[in-house]
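What TrEMBL records for this protein:
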BINDING   124-131, 170-174, 224-227  GTP binding site
DOMAIN    115-288  domain 'Tr-type G'
REGION    118-266  region 'G-domain'
Ligand SMILES: Nc1nc2c(ncn2[C@@H]2O[C@H](COP(=O)(O)OP(=O)(O)OP(=O)(O)O)[C@@H](O)[C@H]2O)c(=O)[nH]1
């Protein structure tokens, strides 16, 4: 017997990949991923260990065996209440640890939370076959809808595979991906980067890779069009190594799968790798938790009204639930799965199309549920007030240098996106940048491309807090405007040394403004009120200056400073207010529960010092 792949062995022995990796860790055997190969002697050792544990042939973790009989009722009790379209095939009945029995009523431990299906996005260069690959998977893996119905595009679909459910975001391209990320949401668990075997790496391939890396989403490379006579998958693999992405067969850990969206070759294997990656990521979500989801897309249907596709990420959605998106809310009047079938409820990793909002929400907006209409309205009102606070705070309270860049004594990374007029310039700039790095400051070129910066670059920069440096190319006005709106530094240079000066300034961080603390006011705590939602509130009297929401707070008791933090809320009677002046009483809510009658609270804020 020669070398064996870890996941093949796991499959043959009927244990989970994760368990196999634990055993290998225990044996001190090094591996890159579950598709790494191991020696025959190691295989024998693993078999021995499993035989001793008595687990061979079952998928149950050893520690769960003893409690298996006991755990069964807990399993039933924690099973997902998902009707659409089915619980994930990998859902964790066999993952319930013995502690689950005792701790059933408590918050579920990770092992109790069922696995959920992975959500996959497909990115790559234009014409490399993203749509064709999605179409092939949809055609072969999505259960046909009942006769007569037309499946509408909803932005996502669910594929049933022998390894369980996989959810695909079917708006190909990184625009959809970055729009969602730019709003702070992460919807994809795995990114498939499609590269045509006859074309190899192209500018948008590099961009797609940069986006997946910035999102820290595991990548699988699908080398497409391998059916073509001119296909050269080896060239693609070699080109990938130039981006420091080393395919497994070259000793790295990048999963590369040759496929053809035309003939279907390799697609099954690709799906298998998706499931393997998902298993290693240990994706879980609690169907009993509070609902949380993300808008995939929204549109207006002339007959039905606003239709919104939402990905359920946590909890379970039911028809009739009240949902809040941004500063809007709605009640679910009807809900369809991605096949167009009417459903009443939907659990984690289920894309659903919802009828019930009056405005079209934006892709990437987070969705939460509310108990009833009143609660939904309250959430919206508090978001509106928070937004106004943030707008004010932007003017009033600037971040300190440390808040922006982390402690200066620690290592820092400056993220850059480089755009230049030619491959030669790009390489020259990268060479210079590599020499500019210091021991403490790393320069991370997230993306280096030829041609003017794009909207996608700005989105990437905004999610990664990067600076965009352009050499001999200028940004189109539209892109500049978006960069301005998002507060992204987008700078163009014609002389390379000016660009390097800018990089040096970024390295030193001397572009950052200097801030100092400004005293705002003082208050005496006259009584402490216990608030059911906000914890302890200090009923106080302002004796000097004024207090502002979000200001810094220092609490002294006698001569001792007992707390330093933030004023997270200010109340006058029952109303939330932003400022209270000298001579007034107010409720001060600190991010601290230890406040006592007689304490003195001092408020301050950080202000920028303009150099003389
Ligand atoms: N021979 C062959 N042709 C393919 C394969 N996959 C896609 N194509 C063809 O390549 C072309 C581009 O495919 P698309 O699926 O539209 O590519 P895309 O990446 O979605 O393109 P954009 O949506 O424009 O970004 C089409 O003519 C497809 O028929 C494949 O595996 N083999």
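Positions of Cβ are set from backbone N, Cα and C atoms, glycine also.
TrEMBL: automatically predicted annotations, no manual curation.
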Within the region 'G-domain' (118-266), count helix residues (DSSP H, G, I), strand residues (E, B) and coil residues, in that order.
45 helix, 37 strand, 67 coil
Would you mind sorting out which binding-site residues among 130, 171, 226 put a C-beta under 6 angstroms from ligand 1?
130
Out of 124, 127, 130, 171, 226, which has the highest number of nearby Cβ atoms, where nearby means within 10 Å of its Cβ, if these are the binding-site residues?
124
Express the predicted model's confidence over the region 'G-domain' (118-266) as a mean pLDDT, rounded to an integer.
86
